[in-house]
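**Q** Under the heading Ca(2+) 1 binding site, TrEMBL lists Phe24, Gly26, Gly28, Glu68, Ile254, Gly258, Ala296, Thr299, Glu304. Residues or ranges marked as Ca(2+) 3 binding site in TrEMBL: Asp298.
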Amino acid sequence: MATLTVPASVPPVAEDCEQLHKAFEGWGTNEKLIISVLAHRDAAHRRAIRRAYAEKYGKELLRALGDEIHGKFERAVILWTLDPAERDAVLASEEAKKWHPGGRALVEIACARTPAQLFAARQAYHDRFKRSLEEDVAAHVTGDFRKLLVPLVSAYRYDGPEVNTSLAHSEAKILHENIHKKAYSDEEVIRILTTRSKAQLLATFNSYKDQFDHPINKDLKADPKDEFLATLRAIIRCFTCPDRYFEKVLRLAIGGMGTDEDDLTRVITTRAEVDLKLIKEAYQKRNSVPLERAVAKDTTRDYEDILLALLGAE
């Protein structure tokens, strides 16, 4: 499901460090060499490169990259080079501090990761920022969004396959009653969405459709301009159909007037080692255009090259 391509025979870490150092030397920077190394190494190998580079050259690799490259290309390379949990911590911090109702990074980190991955991101947040993700979300987010997002990012859900069908039936009714009353931020709605396991939620959403003849997200479209409803729909889609959720994020990022590089970079760097192949298939099916072609049309130069490399383009 990943699009990351790694050589059949990966060079030794020391050789990768030498190649990266070589890319930084002399007049100008060899961006293609940076991409040829970092965009074709998995998370464990990138972690080893960072450690070895610092030991050999006395400088953190991320700082060396930041001194040599800039702009959209720098952001894509830095985010990709980070350990996945550390990357999530950085993305969560950025969104919490500059929070706006249309932000989706916190929802994705809380709902499109496994419970263990979310827990690792929260630990990485502690290590990097010396405080908790929950307290930053609580400090910067307000109103119903705070009521929803603080427990969402604080959750440590059960990750097993077990499902209680009678509970799914009763909680589907609770969700329907509150949605019907437009009590979208009711504590019961938030309790169900922020504490139940993925398997239990999928059973609840299926029961909702069986009992009321349409998906729950259809009832959450009462006001298309309501960002709180859009956030609830995003949470549900991250659990029920993450590939189609991320396809839509990418479509909106590159399909309008101008490009949303933040969304484009975030999705490609966070999903390349997970399910970007499925997202590409969903994009092709929805838009009749390969995702690589759409990205190439909307981006240029080294930024285009790093994204296409992570997409697995030949």
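For all residues, glycine too, the Cβ spot is worked out from N, Cα and C.
In TrEMBL, annotation is done automatically, which means it is predicted and not curated.
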**Q** How many other Cβ atoms sit within 10 Å of the Cβ of Ile254 (Ca(2+) 1 binding site)?
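**A** There are 21 such Cβ atoms around Ile254 (Ca(2+) 1 binding site).
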**Q** Could you round the CA separation between Ile254 (Ca(2+) 1 binding site) and Asp298 (Ca(2+) 3 binding site) to a whole angstrom and send it over?
**A** 6
**Q** Measuring Cα to Cα, how far is Glu304 (Ca(2+) 1 binding site) from Asp298 (Ca(2+) 3 binding site) in Å?
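**A** Asp298 (Ca(2+) 3 binding site) has its Cα 8 Å from the Cα of Glu304 (Ca(2+) 1 binding site).
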**Q** Hey, how far is Phe24 (Ca(2+) 1 binding site) from the residue listed as 'Ca(2+) 3 binding site', Cα to Cα, in Å?
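**A** Answer for this pair: 28 Å between alpha carbons.
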**Q** By a simple count, how many Cβ atoms lie within 10 Å of the Cβ of Ala296 (Ca(2+) 1 binding site), its own Cβ left out?
**A** 16
**Q** Do me a favour and check the Cα-Cα span between Gly28 (Ca(2+) 1 binding site) and the residue listed as 'Ca(2+) 3 binding site'; whole Å is fine.
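**A** Cα of Gly28 (Ca(2+) 1 binding site) to Cα of the residue listed as 'Ca(2+) 3 binding site' measures 25 Å after rounding.
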**Q** Can you tell me how many other Cβ atoms are located within 10 Å of the Cβ belonging to Phe24 (Ca(2+) 1 binding site)?
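**A** Excluding its own Cβ, Phe24 (Ca(2+) 1 binding site) sees 19 Cβ atoms within 10 Å.
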